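Here is the structure we will look at, set down as structure tokens.
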Amino acid sequence: MSKKRIYEYAKELNVKSKEIIDELKNMNVEVSNHMQALEDDQIKTLDKKFRQQESNNNTKQNTQNNHQKQQNNNNNKNNNKQSNKGNANQKGNNNNKNNAKNNKNNKNNKNNKNNKNNKGNKNNKPAAEPKEMPSKITYEEGITVGELADKLNIESSGIIKKLFLLGIVANINQALDEETLELIADDYGVELEKEVVVNEEDLSIYFDEEEADPDAIERPAVVTIMGHVDHGKTTLLDSIRHTKVTAGEAGGITQHIGAYQIENAGKKITFLDTPGHAAFTTMRARGAQVTDITILVVAADDGVMPQTIEAINHAKEANVPTIVAVNKIDKPTANPDRVMQELTEYGLIPEDWGGETIFVPLSALSGEGIDDLLEMIGLVAEVQELKANPDKQAVGTVIEAELDKSRGPAASLLVQNGTLNVGDSIVVGNTYGRIRAMVNDLGQRIKSAGPSTPVEITGINDVPLAGDRFVIFKDEKQARRIGEARHEASVIQQRQESKNVSLDNLFEQMKQGEMKDLNVIIKGDVQGSVEALAASLMKIDVEGVNVRIIHTAVGAINESDVTLANASNGIIIGFNVRPDAGAKRAAEAENVDMRLHRVIYNVIEEIESAMKGLLDPEFEEQVIGQAEVRQTFKVSKVGTIAGSYVTEGKITRNAGVRIIRDGIVLFEGELDTLKRFKDDAKEVAQGYECGITIEKFNDIKEGDIIEAFEMVEIER
């Protein structure tokens, strides 16, 4: 005899298979799924619980079920009694059953049929009560009709009907936009709340500023020194370092890690050792906001110079306070007042003149005024109330990075919040790792670093970029997963942005000596056109670059053509042919330049102009949709009507169109009429049918593709 499976046993008792599985697990029985067979001893143990529950539940059921249970019990107890007595009891019970039926309505009769096997329903409800509609639901972008119906506890057909009344034809898998969702929710009186999906691979989310953190404590200010070349930025940095660092570290060797810390009046200050604003701008371009205070160095004998203005603009865009250090005041030709006067034109007005900008006269060479500058930095930092929480997981920014021959990839980091520890799992930029060693700006090995502390770490898998952000994760697997995902995404992005040749950048690459040959793939509608075009292109004579035909063929542009163009760094010219869907996707992904023409002269002129650096297109063709001709109708005085189904994008009334048959362009012109049912339509979207007539063209056949396009003006 075959053994009874879990789901069969559950069905017999009218309970869920999960309840049986849970009970078996409580009995220390390993269960793989509901198809597992039960042993006899397991069934006996389960019977003790579930049969007893069933018996208790049945005593609470309606009159009919009570009599039925009593009949079963009597039959079990009186097995040895005479059959006629058993029949009498049976009749008595049947009478009771009939009486119970007469006292119940039709709805209960249906439930009695369902309960004929003595199922253990606790409440003996006649039917499952409909769930109450919630007053508020949350949704994700792209929610479908079916998913919305589940959230509202209603049938999806109800939503589909409402959409139909709103003029929207939809099915259960149709995605709903926010406007449609609001209409439906308003109709049902339900409040909507959009769920924000957090992308854990986006490191910027870990840098979001929270409300006032009660555990935050004061942290050192991070200072960047900027200014014009030869105005004394490096000398000022060296002077501060020599005065405050080397003097306090007898015999100590300062490790160059792109930043260093000093202590002044009992408070630490972190200086970014990146003179100039190139690195500063690079960091800001990558979203890194690391600087708290900017020091603008201006030579007293030279005044405001072009790079000074550039530095002022960078500081303003970064929205950080600026302290002006008027350097070289010990020179005979120094004129600090002239510097102040010139800087007022750029919004930097000295406090002495009623402004808010602090000016500090100093000499980086002699050290005069250095203490005053450090004091002003401390005052500005105090006003800013710079705080951070050292008890959090560390986050921060890469200052510098290099590939060391002995240690592998090394990165100088600035901790902006939290505490960085040796052994932490880190994601930095598009790489990850586990911190193996950590060195401070004095070359000392340390085990932890708090906010605003610059350190150099090793243990990461690759070299990050300056300005990349880093985040510490408790779980090493999570750090690995996020790091690998970010690396993969960056590789894909680099492929998409690979510098393939196009007619737009051809002349630029020629000037840089990067282009010697222009590789061309030609696809045409007939062999004669292909040969004529190839011969014409070979005759183009421009100094510095040769046209090289690497492939010619007849037919539509396909994916293998794009692959060849990408591998050979070439362009594709289509003459009276179009790319198929796969070729379009591949060209966009690989950034391959495709040029489609119908006149040979235009091809020659375009390529020759590009090679001479004269190419200046003002408009670009943009395909907006395709429709497949399903049926044609010939109407007198109208012409051929193409009954079409929009397969991609949309067809608009004012768009240009071309008729494509077997990948060959037959005609290019304009729409005459566009109708949806009997009404004129401005546009017909994907998934809908429409009637189309083409101006001055009636040779439309079933299976033809109508491609709609617009000419879009592009910036050069």
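Note: Cβ is positioned from N, Cα and C throughout, glycine not excepted.
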Annotated range (Swiss-Prot: region 'G2') out of 252-256, 417-421, 652-656:
252-256
Annotated range (Swiss-Prot: region 'G4') out of 291-294, 327-330, 675-678:
327-330
Counting only residues 6+ away in sequence within the same chain, which have a CB under 8 Å from the CB of ASP230 (GTP binding site)?
ALA299, ASP302
Using DSSP, tally how many residues of the region 'G4' (327-330) sit in helix, strand and coil.
0 helix, 1 strand, 3 coil
What average pLDDT is reported by the model for the region 'G2' (252-256)?
45
To see if you understand the setup: which same-chain residues, six or more apart in sequence, place their Cβ under 8 Å from that of ILE329 (GTP binding site)?
ALA300, PRO336, PRO361, LEU362, SER363, GLU368, GLY369
Within the region 'G1' (227-234), count helix residues (DSSP H, G, I), strand residues (E, B) and coil residues, in that order.
2 helix, 1 strand, 5 coil
Give the residue from the binding-site residues GLY227, LYS233 that has the most other Cβ atoms within 10 Å of its Cβ, counting over every protein chain displayed.
GLY227
